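As structure tokens, the structure follows; a few thoughts come after it.
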Amino acid sequence: MVDTEMPFWSNLNFGMNSMDMSALEDHCQPYDIKPFTTVDFSSINSHYDDILDEKTFLCRNDQSPIDYKYDLKLQECQSSIKLEPPSPPYFSDKPQCSKAFEDTPNSFIAIECRVCGDKASGFHYGVHACEGCKGFFRRTIRLKLIYERCDLNCRIHKKSRNKCQFCRFQKCLAVGMSHNAIRFGRMPQAEKEKLLAEISSDIDQLNPESADQRVLAKHLYDSYVKSFPLTKAKAPGHPDGQSHRQNSRGYTRHELADDGGGSDQGAVREPRAEQGGGDSNLPALSVALRGGVREITEFAKNIPGFVSLDLNDQVTLLKYGVHEIIFTMLASLMNKDGVLVAEGQGFMTREFLKSLRKPFSDFMEPKFEFAIRFNSLELDDSDLAIFVAVIILSGDRPGLLNVKPIEDIQDSLLQALELQLKLNHPDSAQLFAKLLQKMTDLRQVVTEHVQLLQLIKKTEADMCLHPLLQEIYKDLY
């Protein structure tokens, strides 16, 4: 939980935004957590190759709003999660849709070398070329080699490319290789988009399922940015030391563009780190968490097939998934030094949070550790939208009544996620496996969160949580 002496939390928007596992860079401790019954690691294929040669889900617009009833078994209170219109984007008035949704075919299919037709290793000397043709062209140019003339116009392909060097070099020039266009490694974005646009229709004809998965990914992205007022793209950058001012307690406030002539309107209250007593602010945190639950519920009902599930299963999925989603999205507002608060207008340093009295000093540290590892994956909102949907549709949650339809939906989401990551991050071959590992890490973070919350509940006499949150925490891990 949070320190009862920290008013800033009232401003924190919680509604923001097997393969070779030894390749995972995160050295996480093993946890005794039940395995995912719907995650099939065997579907992940290795993306490493030997060095070559010389070296539809449709959006249900007719869905009616649903109130998800939580039976709190309380005599005087029965809470419900009611869907409310999402708040408009706070930090941006322009949608920032990922490039993955602009002419985006199944880009993980190998791009051919423009010279010999072998698999291209990258964008070299102005064209997509394999390692062999790249090295051949480089040596020819650097050493100023002159080959014996050939008038046969030899056909250059993978098996014959070493037979006639003259025709091979002429083919390099014909396809546009030039020393003036030298570029190694990743292809430029403009060239990538042009190439994807050229082969998009062909890929969809060869693999109609990929088109359905792209439609699903686009639908989830649109629902994501609509449901959550503060996404990763909308969040402001972390303080750079110039656009903010910092007090002696480790709290930073961004300068406001218009403060009403120097007034304190819109100012963010600063936290207090004194060791003594203070008024509890947990009710304010409860309000923020309830807002996050509403936003997550709004997004969940836009996942194709979710509203057709048993109502009790919908509630169970939301109950177990809400905090995993909150901590996933909170990572977008965190770095190794601190966390953005007050809808991005303030910054709370990590050192300040660690200086609080126990047990509150231990509250945020696991979230920082997770956020640092999670942010290293460099996901964008189009990736996160599908990942959040996968978290919600986890078929191994305790108490589910009808698991099969949940697993079917998650299987489709996992296929869409794998395609999305291969498309949006073609240079990160292990990304899908790493992201699945983060689902396990999230469960451990939530488990520790609940355990610490129970400790605070015993030590803080004035702790009070909204009945909805009490029901969520009840029997949670």
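For all residues, glycine too, the Cβ spot is worked out from N, Cα and C.
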Residues flagged as zinc finger in Swiss-Prot, choosing from 12-34, 150-172, 334-356: 150-172
Correct range for zinc finger (source Swiss-Prot, candidates 113-133, 281-301, 302-322): 113-133
Of 251-259, 458-466, 467-475, the range Swiss-Prot labels motif '9aaTAD': 467-475
